[in-house]
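In what follows, a single structure is set out as structure tokens and then discussed.
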């Protein structure tokens, strides 16, 4: 809805002019009342499938963009491979040898400095990172199977499922608040009225 309103304002010449001048949006403006199903509209514009993601991964891995991202992460995290692996897009534990090689070549050529955290990383830390990544990969696969994510609309299914989970969590949270403070508020009310009578 918010994105829809933003789009409606920016695409309407009069509304855009008003917004540019005042920084305010007229909530009752005609441009915002066209009855459009914004959820459907944005899904049409930004339909993403697992195939789209896989295609992007194929084009990204071993690209100049990935190399630049790896170098930037190396400098940013001063050679900490845990943080480098977490920050580089599309990287999982199977990519670590390849990413490590990229960094080593850049160090050898003088493009990157030699950070102790990278050069002298212990085997124990490497193994710990690998075990953690393998565990996360298994959990992700299990979740994917449980949600039945295998078709073109699998991301949509995941988003809906997450939405339902959030709704349940919110309902549970509200129920807990009501149970905890609902009765207390009544008791508090009685005490207050009793004090007033005194």
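Easy rule for this one: first residue shown is 1, then count along the chain.
Glycine residues also receive a Cβ, built from the backbone N, Cα and C atoms like all the rest.
As annotated by TrEMBL, compositional bias 'Basic and acidic residues' applies to 133-147 (among others).
Look at TrEMBL and you will find 162-171 (among others) tagged as compositional bias 'Basic and acidic residues'.
Under the heading compositional bias 'Basic residues', TrEMBL lists 187-198.
Look at TrEMBL and you will find 60-126 tagged as domain 'DNAJC9 HTH'.
The region 'Disordered' annotation in TrEMBL covers 126-198.
Per-residue confidence over the domain 'DNAJC9 HTH' (60-126) averages out at a pLDDT of 94.
Here the compositional bias 'Basic and acidic residues' (133-147) is broken down by DSSP into helix, strand and coil counts: 15 helix, 0 strand, 0 coil.
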